[in-house]
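These notes concern the structure reproduced below.
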Amino acid sequence: MDLMNNILDGPVFNYTTVTTPLIVTQCQPQKLNVVLPSLLAIFFIVGFILNCLSLWIFWFQIKKWNSGMVLQFNLAVADAIITPAAPFIVLYSLSDDWVYGQFLCQMKVYLLSVHMYGSISFLTVISIHRYMTVVHGTKNPRFADVDFVKKLCLFVWVFLILQGLPFFGILKTSYINNSTKCLSIHQNGMAELYFVYNVTVLIVGLMVPFCVCFICYSLLSSFISKINTCNVKGEVMKAKSTQMIAVSLFIFTICYIPIHITRTMGVTVKLFFPSHCTLLEKTEIAYYITYTLSGANCCLDPILYCFASKKFKTSFNSYFSNLKVSCPGCDSMLRKKDELPTPSFNMTDSSQVI
């Protein structure tokens with residue numbers, strides 16, 4: 001609580017109001033408290049290590065991929081793609097002065113967009129994949145087909161690349177209050193553009209994917225609740241799917257939904273209530289906090305690999321056994337699964353699909 005009070009009440013968040021010769025009230029930006037950029041840096045560093053480790057295991061340790069691993073690998077790539085921009089993001093958060101030029105500003109925002117909506121997109125596809133392979137695996141095996149899933153991932157990447165290209169033409173830096181701003185709510189000339197962009201990605205980039213995930217996991221939960229847990233394999237399948245559902249919805253709840261809510265509030269206040277500095281101040285504080293939390297997705301996504309893929313856990317433990325490093329809880333889970341009998345309920349071997 002003291003930490004939160006320091007963030008919210010610290011002098012770095014104090015706003016001043018100045019009046020221009022046109023009698024227009026403008027709210028002046030201030031620097032972030034060092035706590036939030038520090039947390040963001042920690043998230044990026046830990047996420048970088050976890051995702052590089054995950055990519056290395058997928059690429060070098062697992063010889064044969066199934067359809068689920070293809071999706072997990074692409075999710076790891078989407079998480080790792082923010083790496084080139086991460087140092088610039090942290091330094092800009094500390095100084096509040098973008099000194100790296102307009103092109104790097106555009107590139108930073110482009111990578112941020114591909115990273116965030118790439119992660120959301122692949123989490124959504126994973127939810128569809130999990131539902132289809134578990135519930136409809138015997139009737140519709142298409143999602144178990146590696147070639148089909150690869151084509152699906154290629155389509156997602158084409159969409160992600162194209163959706164971010166307009167940034168290079170429309171995004172500009174601005175000199176405000178003796179510092180250069182890159183994608184700042186205080187860029188008055190960009191307020192309408194930011195509002196339109198935010199509404200678009202709010203609907204297409206968050207609401208639609210979240211609804212799809214929620215529906216798929218709700219139907220999956222209903223299905224696995226009917227599995228005969230007297231069968232050990234069915235009990236493990238139920239626990240495994242429940243863990244995936246919990247982790248996926250937790251990532252949405254912590255990393256994606258809050259930042260979209262506060263960003264929507266911020267661009268709305270800036271466009272329609274530009275002179276309400278106190279309201280903008282509170283909204284911006286909330287946005288900074290949720291923006292920092294959104295960086296945690298780089299650390300949380302790799303948890304899915306531990307829960308979702310037996311091959312990933314086996315490869316992880318096999319390679320690091322000499323170093324006495326193990327995936328949390330993986331050893332006991334692997335021993336339990338190795339002793340499992342052949343499944344008796346009618347479905348594709350979906351425990352190996354993802």
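Glycine residues also receive a Cβ, built from the backbone N, Cα and C atoms like all the rest.
Keep in mind the model is a prediction, meaning the values are calculated, not measured.
Per TrEMBL, the feature transmembrane segment maps to 39-59 (among others). Residues 65, 69, 72-73, 76-77, 79-80, 82-83, 86, 89-90, 93, 291-292, 295-299, 301-302, 305, 312, 315-316, 319 of the same chain lie 6+ residues outside the transmembrane segment (39-59) yet bring a C-beta within less than 8 angstroms of a C-beta in it.
Residues or ranges marked as domain 'G-protein coupled receptors family 1 profile' in TrEMBL: 50-305.
What TrEMBL records for 71-94 (among others) is transmembrane segment.
If you look up TrEMBL, you'll see 114-132 (among others) marked as transmembrane segment.
According to TrEMBL, the transmembrane segment annotation covers 152-175 (among others).
Positions annotated as transmembrane segment by TrEMBL: 195-224 (among others).
Annotated transmembrane segment per TrEMBL: 245-265 (among others), in sequence order.
Long-range Cβ contacts of the transmembrane segment (285-308) within its own chain (Cβ-Cβ under 8 Å, at least 6 residues beyond either end) map to 7-8, 13, 32, 36, 39-40, 43-44, 46-48, 50-51, 53-54, 68, 72, 75-76, 79, 82, 116, 119, 123, 126, 185, 240, 243-244, 247-248, 250-251, 254-256, 258-259, 261-263, 265-266, 316, 327-330, 354. Here TrEMBL flags 285-308 (among others) as transmembrane segment.
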